[in-house]
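> Sharing a structure with you now.
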C-alpha cells in the first residue's frame, strides 16, 4: 500500500480553501494563533466522515493528503445512487410515461433516427385493452423492421411494443431532415414534393406546439450519431450547450468505467426531463491499513435503529450479483444487510459474513465482534466519525452491555469509553503506521510541512507570555505554564474522569 500511494492532484470538486489571510494575527498585529502550519494555504480535502453515501463502493486510488497524518482513499460508489424517496419518484415517473406511450406514438416519428443505433429487445405486458396484451418486438432504430406480432394503430403506426427509452429519445416528426429538390424547381416547390405526410412546415410546427399542447420531451437517455456530445457520450440538448459540466472527473491517467452510474434521468413533477442527483458518486474516506486499489467497501444503512442490535444472518440474495443493481429499490438491494434474531444476548453468536470482516467497511458497533480493531468511531449515532482518526491508531471493542444498546470501547489512550451501539465504526487500523517513526534530517523538512520554529516563553515579552520580560536572562519565578496560564508540568489533571453531585 505504501508503494501504491498516489501523490498527484486531488479532485477539484472535493477540495476547498481555508480563507484565512491573517497569518495568526489580529487587527492589532498580536499573535492569536501559534504554529498554524501551512494548512491555511493548502487545498483541504473534503473527507466523508459520516459515510452517508450509497452502500457499495470501489476504491479508485489511495492518495497522500498533506493536511493529515493518514492517507485517504478515493471511492467510487456504484450502488444506491438515489435515495429511497427519489427511487419512488423515479418509478412513478416511469409509470406515467408508460401510460402515455400511445400518445407519443402518434406524435413522434422514428424515421430521422440514425441506422447505427443499438438494437433493443423489449418485452412488455399490458392489461389495458385486448389488443395490448403481450407484445414482443424487435425494433431496429432507423428502419421499419417489425415482427408479425406488432400491432398497427393510428396513422403513424403503433409504438406500444417499443421500449420507453426509444420513445423518450425520438425526434418529433416536424424536425425531420429535409433535402433539397431538383435545381429546376425554385422556392417552396423544391420542398413541397419532398415533404412527406408525416412532416410539418415551420408554421404548422408552431401551431402544433401551441394548439395541441403536446409536451416536448427532452431526455438524455439515447445517444445520436450526430451533434454535440458530453464526455460520457450522451447527447447535449440545445439549452445545455455552453454549460460547464460540474460532475467530478478523475485527474491524471485514471479513467472512469462506462458502467459506473453517475445519475439517473427521470421526469419530475413538472413533466420535463431532469436529472436526479442526491450525492456525489466520488468521495474521500480515511484509508485503512491493507486497503488497496480495487477493493470494495461498504456503508451500513439501517432503516430502523431498533434492528441494529439484532443478529445478522446473510440471505441467499447476498451471493447473487444481480442483487446489486441500481434499478432495484433501496429495501431490496439492502435486504441482506438487515439483521435478524438476537445478537447482544449471547456471545456465541458473534459470526459475521465476509462483508462484515472486510477492512474499510463502516458498520454499527452492535454488528462488530468483541476484540475487533476499529477506527473512525462516532460519538452519537449519525454524527460522523470523531474518535480514532490519526495515522496508525485503532480502538478495540472490549465488552457489550446486555439488554442495553451500549458497548465499551478502549481508545488508543487506554481509556475505556461507553458508546452507543448504534454508532458506526470502520473496521481496521488507520493507514500510514510509520508516520510517527519518521525522522527529519534538517530543519527545512519541518518547514516544508508548515511547522514554524518553537520560541521559548522566557525569550518573549511580558505581553506575549507569562514567562517573558525581565532584565537579562531571568530564571525561576512561577512554575512552567502555557501562554494562557495553565500549568504544563506533570500532575496537572486536564480530564475529569468522574463527576459527582
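Every residue, even glycine, has its Cβ placed from backbone N, Cα and C.
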> Looking at the ranges 125-155, 156-186, 187-217, which is given as region 'Disordered' in Swiss-Prot?
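Among 125-155, 156-186, 187-217, the range Swiss-Prot annotates as region 'Disordered' is 187-217.
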> Could you give me the DSSP helix, strand and coil counts for the compositional bias 'Basic and acidic residues' (464-474)?
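Its residues fall into 0 helix, 0 strand, 11 coil.
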> Going by DSSP assignments with H, G and I as helix and E and B as strand, what are the residue counts for the region 'Disordered' (459-501)?
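Helix, strand and coil residues of the region 'Disordered' (459-501) number 1 helix, 2 strand, 40 coil.
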